[in-house]
Amino acid sequence: MAGAASPCANGCGPGAPSDAEVLHLCRSLEVGTVMTLFYSKKSQRPERKTFQVKLETRQITWSRGADKIEGAIDIREIKEIRPGKTSRDFDRYQEDPAFRPDQSHCFVILYGMEFRLKTLSLQATSEDEVNMWIKGLTWLMEDTLQAPTPLQIERWLRKQFYSVDRNREDRISAKDLKNMLSQVNYRVPNMRFLRERLTDLEQRSGDITYGQFAQLYRSLMYSAQKTMDLPFLEASTLRAGERPELCRVSLPEFQQFLLDYQGELWAVDRLQVQEFMLSFLRDPLREIEEPYFFLDEFVTFLFSKENSVWNSQLDAVCPDTMNNPLSHYWISSSHNTYLTGDQFSSESSLEAYARCLRMGCRCIELDCWDGPDGMPVIYHGHTLTTKIKFSDVLHTIKEHAFVASEYPVILSIEDHCSIAQQRNMAQYFKKVLGDTLLTKPVEISADGLPSPNQLKRKILIKHKKLAEGSAYEEVPTSMMYSENDISNSIKNGILYLEDPVNHEWYPHYFVLTSSKIYYSEETSSDQGNEDEEEPKEVSSSTELHSNEKWFHGKLGAGRDGRHIAERLLTEYCIETGAPDGSFLVRESETFVGDYTLSFWRNGKVQHCRIHSRQDAGTPKFFLTDNLVFDSLYDLITHYQQVPLRCNEFEMRLSEPVPQTNAHESKEWYHASLTRAQAEHMLMRVPRDGAFLVRKRNEPNSYAISFRAEGKIKHCRVQQEGQTVMLGNSEFDSLVDLISYYEKHPLYRKMKLRYPINEEALEKIGTAEPDYGALYEGRNPGFYVEANPMPTFKCAVKALFDYKAQREDELTFIKSAIIQNVEKQEGGWWRGDYGGKKQLWFPSNYVEEMVNPVALEPEREHLDENSPLGDLLRGVLDVPACQIAIRPEGKNNRLFVFSISMASVAHWSLDVAADSQEELQDWVKKIREVAQTADARLTEGKIMERRKKIALELSELVVYCRPVPFDEEKIGTERACYRDMSSFPETKAEKYVNKAKGKKFLQYNRLQLSRIYPKGQRLDSSNYDPLPMWICGSQLVALNFQTPDKPMQMNQALFMTGRHCGYVLQPSTMRDEAFDPFDKSSLRGLEPCAISIEVLGARHLPKNGRGIVCPFVEIEVAGAEYDSTKQKTEFVVDNGLNPVWPAKPFHFQISNPEFAFLRFVVYEEDMFSDQNFLAQATFPVKGLKTGYRAVPLKNNYSEDLELASLLIKIDIFPAKENGDLSPFSGTSLRERGSDASGQLFHGRAREGSFESRYQQPFEDFRISQEHLADHFDSRERRAPRRTRVNGDNRL
């Protein structure tokens, strides 16, 4: 979520430092200083450490001593540097007299790649030292980001190498190299693969130096991608073979490439091209009159940010476009700005305001409630979210409001305060914000809103306003009362439900409304205290070694143990290339109570006895009498850091050799169990996360059988030498694999939780197997001769939006729950949704929900509009509930009450609280609601409709005056430009559609509208903003803390103008004839066609343990009639430098002024699910053509280091000679759409789906082929300098 904010909060001096000063600063930071680090964890006290800047890698590092680096941050990730004690890390020690540093001696570094930034809070020894660090780091931040790509690669290579070569010996082992390449997403099949390539580099044995590593990297990158169809590559490769350094791209050749292929008009000037090449290479030895690229450097340029598909000229703010009324702009807007996570238990933070403002957000929300001492607090009312002071928020806004943008900021006030506290709010607005607060109109006689230029550096208040002449009065609110809004709940919080399998209690979020109790799926109980550190249980020191991978126990009797140890070490070190010092520890066969250390040195196994003795009843361990340890674990840890010394050698213990058969004693392992037997066992445990591991018949092969989403699934595990493989993830052992997936999801959200064996089945297994977990409704007969089982009726969840094409179909949105589903053949099912019963919908748009366990009587009738939204697990009707406190508690929980229902016999739900007070309050409120449900609902509606407003606060409202939306006023004299309306997304959807979209756009041409997420989005997810934008809504408020597609689209919309927060809507939208949903209403706008080939990628991020198998989805998002997506094939096991086969993708865009081109890189996992890796989204109007790099971002829209796609992109006008060609993109796509529609609508209610619809499918395929041929022919005819929006200057 990169913005354009200055890194230093309060400025960084009068000007840029001179070259001499920069040199002095860099030398000083490289030497480092001793400073005190204040931690974010309460359990850690401040410590003095040495802080240094590593210029070779552009990192800040810290350590206690000179040897071991304890931590590091990349300078490229630093977002802001603040002088003073401006973080909560200092606040934790205010009461400790030992840690009260001088304000002028402190500074804070904020860094990270997510919305919520991390802090490095430091105390220096003097104010001069603080200034040195701030000034030096500020220069380094800018210089690091602006460095040319080859220099960034050099720094990245050194960072990777030094992460292994921590002692800076300039050498690493082949095993280290193999592991390093795996970490950067490159599959090394075996050690021989590396040896062959290292031989090419004249490295025949021993360790690898940095120079050899760097050369290997360049060789791997070029050899993998030289097959791409690129200019110069084919002919040059024939001449140079595998040696790219034997062939060059000269200055004239590069100039011609820029002109002919890239359409770069600036390249007509050879001097500019020369300067560009020199600045890219930045090599003193290459500063010659005619610079050149080696072939691998040319390919590197194609993937570089310097060759971006985005036209960087659009990054600059154009003041001439800032003179329209505010209502003509899209304005970057945040919802519940103060939150850092979900809507019910996350932290409210001042940093969230600072982050949003520095990202260019221009409309932020303040949710104000009565607080102590007469001053409001800000939080999400009636939830567990933490509270922050209103006055602190104002100071934060003042400090950060105009750092990223000088254009106006709108404060959207959600006011729940009393009159007295409203008056205090008004006073503080004026006191803190001063002259920046707008208190009077810019022009008294204006007939429209002022422009961004007229409101520069002004802050506007959005709040309800009194009628003229009132001191205070009750005014109607524009919000309809809804008991499904969590802010209107009577009580909510964390309670606990017992797991029926392991009888542990897990937290769930409960909400009590005026008529129902809602509760969520399992959640975290401490989201609001993310800085708290859970104390770890420490085993007895004498047993610490038992779980270490290097401890092998008793390997055999007599000399067998010695021989087994030698075999294990020899096989492991030869196969993996493990270094000297690789070791294992085993019980001694000769001396009871002693152990043997076996290690690898110079190609042989050596053994050393570890002695033990009792000292005052406590065991002690030692190799030599003069150095004794309290435990075997301490001894081994010591010699991993300090060398073993003897007359012949000195050597540290390096790599532990893992146990090979440790899994055989585990409760989840079954040596002789068939697939059918495993399934039968799991059918008796109807809980997700139940699992077992079984040996398969194939050599070195295992299977994990588990339950997820109500179904039994299997995945194969393969032993390959010393490595255990699950998909493309590598583990040292089967035990390590299971341990990893007990902490991380194995399949979607499912973690391995309940190990299953016969003993476990006796305790928790059901008497009757759950056959529904194994057999789908489409194949109900699990015995061939049995009568068919009745069709299952289940619930499904929508994966995508779907709009009905016929009267007998359902319309639903993504995540909708469709009930009472009947699975039919032919790809179409029936179900109930939105009040419609048993209508058709496509089965591939949904996924089946987990079979509901018989805990919740209303689970099959879940309320789709509940306050918990997608987090909902169950709902209870309060008037039907009976509450009973269990004085004795239950299963180690003291504070338990039961909920039962008279209508459901023999059913109750046991719920636990954290305290007696909490239990009593819940029981009291539930009983009250049960008695007064109807009256409370009526009272709530009445109270919410009337609100008192203080005059002092009302007077601060000038332009943003919220009023109830009145459709009848649109286009009449009663419409006032100062009035605006707010809509939850559900209400907005009633206007942003074909029926009313044009009318709503007319409203937005004069007045502001604000749209915000519905209250049920407790997970802080976002809605699709595109329909709101195209209908003219200016303030489309999103949860900035959530890294989802809507926020990525938001970042793309506002990327022009340096994220200034204001984007002028296209002039088309101000045309009275324009209809957002009718492409025939477009006037004066030329449609375009885009052809894209995805050629390759570099430096894709990892997702978990394995090497990724990436594919790319290309999407055009914009007007409803333009939106479409296509995808490439996936590449197996390569995220470092994958290449895709040549395949053009074609897109037709009718409204390019409101269109985005979006690339998303996914990986396909072993379950054929797609997992997000990276994305890049651009407005179509700013795209360049030719062979272009697509710099990739993470899900928070932060730049990924060196990650990019290489594409070939051409953009054509869709019309030729003024008329549409019979084989133009438009006509072919419409013909294809017709054929697709026939295929889609003509589904079989009976009979064969395949036979009846073969012909429409064939017509669709032929149309698509014609479209591809059309693009190819146009590409051959079109000049190479095709461009969009003028000059494609870099």
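Each Cβ is built from the backbone N, Cα and C atoms, and glycine gets one as well.
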Residue from Ser345, Ser1123, Ser1233 to which Swiss-Prot assigns phosphoserine: Ser1233
With respect to Swiss-Prot, which of the residues Tyr775, Tyr1023, Tyr1062, Tyr1121 bears the note phosphotyrosine? Tyr775
Among Tyr186, Tyr222, Tyr292, Tyr771, which is the one flagged in Swiss-Prot as phosphotyrosine? Tyr771
Name the residue among Ser346, Ser540, Ser1227 that Swiss-Prot annotates as phosphoserine. Ser1227
Rounded to an integer, what is the Cα-Cα distance in Å between His335 (active site) and His380 (active site)? 11
Under 8 Å, at least three CB pairs between the domain 'PI-PLC X-box' (320-464) and the domain 'SH2 1' (550-657) (pairs 6 or more apart)? no
Count of other CB atoms lying within 10 Å of the CB belonging to Tyr506 (phosphotyrosine): 15
One stretch in 489-523, 668-756, 953-1070, 1071-1194 has more Cβ pairs under 8 Å to the domain 'PH 2' (895-931) than the rest, namely 489-523
Chain residues in Cβ proximity to the domain 'EF-hand' (152-187) (below 8 Å; excluding those fewer than six residues from its ends, i.e. six or more beyond): 54, 56-59, 67-69, 74, 194-195, 198, 206-210, 213-214, 216-217, 220, 300, 576-579, 655, 728, 730, 1099-1102, 1107-1108, 1133-1137, 1201-1202
So if I measure Cβ to Cβ from His380 (active site) and keep only same-chain residues at least 6 apart in sequence, which ones fall under 8 Å? Asn336, Tyr338, Leu339, Gln343, Phe344, Ser348, Asp367, Ile486, Ser487
In the structure shown, which of the modified residues Tyr771, Tyr977 has the fewest other Cβ atoms within 10 Å? Tyr771
Rounded to a whole number of Å, the separation of the Cα atoms of Tyr506 (phosphotyrosine) and Tyr977 (phosphotyrosine) comes to 52
Sort out the residues at least 6 away from either end of the domain 'PH 2' (489-523), same chain, that have Cβ-Cβ distances under 8 Å to it, and list them. 344-345, 382-384, 483, 685, 687, 690, 753-754, 764, 853, 855, 863, 866-868, 871-879, 881, 890-893, 899, 909-914, 918, 921-922, 925-926, 929, 933, 936-937, 940, 1018
Segment-segment contact (the domain 'SH2 1' (550-657); the domain 'SH2 2' (668-756)) at 3 or more Cβ pairs under 8 Å: yes
Would you count the other CB atoms within 10 A of the CB of His335 (active site), including those on all shown protein chains? 25
For the domain 'SH3' (791-851), the mean pLDDT of the predicted model: 77
Which range out of 27-142, 791-851, 953-1070, 1071-1194 gives the domain 'SH2 2' (668-756) the most CB pairs under 8 Å? 1071-1194
